[in-house]
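A.B. asks: Before I ask anything, here is the structure I am working with.
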Amino acid sequence: MPEQWTDGLNPPHGGQLVNRMAPASEQAALQREAATLPGWSLNHRQLCDLELLLNGGFSPLQGFLTQTDYESVLSDMRLANGLLWPMPITLDVSEDFARGLNVGDRIALRDPQGLNLAILTLSDLWRPDRLLEARQVFDSEDPTHPGVAYLLEDSGPVYLGGTLTGIQAPVHHDFQALRQGPAELRRLLAEQGWQKVVAFQTRNPMHRAHQELTRQAARQTGAAILIHPVVGQTRPGDIDHYTRVRCYQHLLQRYQGESVRLSLLPLAMRMGGPAEALWHAIIRKNFGASHFIVGRDHAGPGKNALGEDFYGPYEAQELVKAHADELGIEMVPFRKMVYVAQRGRYLPAEAARSDETVLSLSGTELRQRLKQGEEIPDWFTWPEVAAELRHRHPPRHRQGITLFFTGLSGSGKSTIAEALNARLLEQGQRRTTLLDGDVVRRNLSEGLGFSREDRDRNILRIAWVASQISRHGGIAICAQIAPYADTRQRARAMVEAEGGFVEIHVSTPLATCEQRDRKGLYALARAGKIKGFTGISDPYEPPKDPELTIDTRDVSPDAAVDQIIHYLEQAGYLRPRHLPRDAANEEAETRVPLLDRQLTVR
Ligand code: PPS
């Protein structure tokens, strides 16, 4: 390993910073070649991996792991040459794509828009035991672990190994001035004359506690601070990186004359806890850091299926410590930081005396406060950061929401949906879009029939449109049979990524719907003239846990609308009617208690 690294910063892992980008003079020819090759369209995680393989963030890797390296990483956390490397970086593809490929083939790796980014020269092709990989890397087979879930549910069954030739780096249009590869970041750090740099990894917004922690780390080590947040793939449900980066930019202004730099890392995290902490340290070493902060539950995946933590809170620190000598980057371990009210400052939890008032706010509590429009205390974060978070998580009465009616044909869905739409428009608080089953089938889903496949397509199209409406703060009112439970579940998941979802089961029984037979369809279905009719010759799977249930035998459309509006007010999605509509009252009005999820209207 070379002793000298000329920029004066910590040398990269393995002594050399990899650069797999082809010289500019060769790129046009490679583009022409790539257009003729079999092409693999990279998913988000693979795209992130490719970027760090090409620019040296994953030095000493020269490409996706070969089978020998892969097996060695799994069994020993080392490459076959003995160098520490705890995370398998593999290219998983489908059987279809792998069919017909041979060692030595060249494969074009493309971004989702079809742009050729790199050529992989295939050296290995194998079918891994993904369950074994889950056990060895994550110490778990539980798919509530995002790293395990990717392996067992999303990844392709064939791995391709080989070296890379980069044609063009993945394109980013956001925060370009904050995106540096390892070579460029090293140049900037060296230009500032910093030789010791302590890196801070995060996938969350940063608040006062985090600033204090970085300050203390800098004081302890005499190093400059590198805030190096992950902006690739993080844990599902995390705050989007656009919001986070704006928060980090505010935070930067709150340092006072300290040496600090912000740079974004396009890493796809695996939430692998201890092994991931080791990997993060190696990556930061490649970016020039001499020290790396490892806190409580570093890269933790949340709770397992039994509600327990996957890893001990300080297991990551222990593993990094155990490899301290060969890592070549020094860990700065931190315990949980708390605000000590009497002293008006943050301290490690164990430094507070038992008679002192200790304050902290968990991520869950913060999200809850944002959701309810409650105060974010000053001791916790700065007003400008709180404002960014509020903007991203508006109180419920400004959040988008989808009201998803489901029930048999003739159950009364459309009537109630229409009445609800009219009443909401009359109130004038919110913008609504009515997506009625029949209307959707004439427009969005024209040409689809009533096979299981076509019904699913229909519902998922509606869900996609509803998710977009919700994303922009509107109310989508959808009224369709939606007979299959798992499709409704998929619709819910699509919408909940963007806003609220309220499932309203119009539970009027089949006998009543058939007796009413408003469109004469039940008679036709009974006579066998309509095939696969819901309730007669095709199943309707009633929702098990809808937010609301309405049986139109017992309740008029107007009374049903009253009940739905009452629910929406109680849940905070609508402001109570007696309050004025002006914005000045918004903050006070959002503090409505949460209602139990279920309500049955009869
Ligand atoms: S689905 O299953 O959710 O995609 O159905 P949806 O889009 O709501 O369409 C249901 C309306 O189509 C008419 N129709 C049928 N319904 C059920 N099964 C079959 N085979 C069928 N063929 C036509 C029926 O009028 C439904 O309207 P509503 O308003 O529900 O009565």
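Cβ from N, Cα, C; glycine included.
Residues or ranges marked as domain 'ATP-sulfurylase PUA-like' by TrEMBL: 11-168. Feature annotation from TrEMBL assigns domain 'Sulphate adenylyltransferase catalytic' to 177-391. Taken from TrEMBL, the feature domain 'APS kinase' covers 399-551. According to TrEMBL, the ATP binding site annotation covers Gly407, Leu408, Ser409, Gly410, Ser411, Gly412, Lys413, Ser414.
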A.B. asks: Would you count the other C-beta atoms found within 10 angstroms of the C-beta of Ser414 (ATP binding site) for me?
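C.D. replies: Taking all protein chains shown, Ser414 (ATP binding site) has 21 Cβ neighbours within 10 Å.
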A.B. asks: Around the ATP site formed by Gly407, Leu408, Ser409, Gly410, Ser411, Gly412, Lys413, Ser414, which additional residues qualify by having Cβ within 8 Å of the site's Cβ center?
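C.D. replies: Same chain, not in Gly407, Leu408, Ser409, Gly410, Ser411, Gly412, Lys413, Ser414, Cβ within 8 Å: Ile481, Val506, Thr508, Cys513, Thr552.
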A.B. asks: In terms of DSSP three-state secondary structure, what is the assignment for Ser414 (ATP binding site)?
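C.D. replies: Where Ser414 (ATP binding site) sits, the three-state DSSP reduction gives helix.
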A.B. asks: Taking the Cβ of Lys413 (ATP binding site) as the reference point, list residues of the same chain whose Cβ is under 8 angstroms away and which are at least six residues distant in sequence.
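C.D. replies: Residues satisfying the criterion: Phe405, Thr406, Gly407, Gly437, Ala479, Gln480, Ile481, Val506.
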A.B. asks: Which binding-site residues out of Gly407, Gly410, Ser414 lie by ligand 1, going by a Cβ under 6 Å?
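C.D. replies: By the Cβ criterion, which requires under 6 Å to ligand 1, the hits are Gly410, Ser414.
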A.B. asks: Sort out the sequence-distant neighbours of Ser411 (ATP binding site) for me: same chain, 6+ apart, CB within less than 8 Å of its CB, listed by position.
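C.D. replies: When sequence neighbours closer than 6 are ignored, Ser411 (ATP binding site) has Val506, Ser507, Thr508, Cys513, Thr552 within Cβ distance under 8 Å.
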A.B. asks: Counting other Cβ atoms within 10 Å of each Cβ, which of the binding-site residues Gly407, Gly410, Gly412 scores lowest?
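C.D. replies: The binding-site residues Gly407, Gly410, Gly412 were compared, and Gly410 has the fewest Cβ atoms within 10 Å.
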A.B. asks: According to DSSP, which kind of secondary structure is Ser409 (ATP binding site) found in, if we only use helix, strand and coil?
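C.D. replies: The residue in question, Ser409 (ATP binding site), is coil (DSSP, three-state).
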A.B. asks: May I ask which residues of the same chain, at least 6 positions away in sequence, place their Cβ under 8 angstroms from the Cβ of Leu408 (ATP binding site)?
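C.D. replies: Those within reach of Leu408 (ATP binding site), by Cβ under 8 Å and sequence separation of 6 or more, are Ile481, Val506, Thr508, Leu510, Cys513, Thr534, Gly535, Tyr540.
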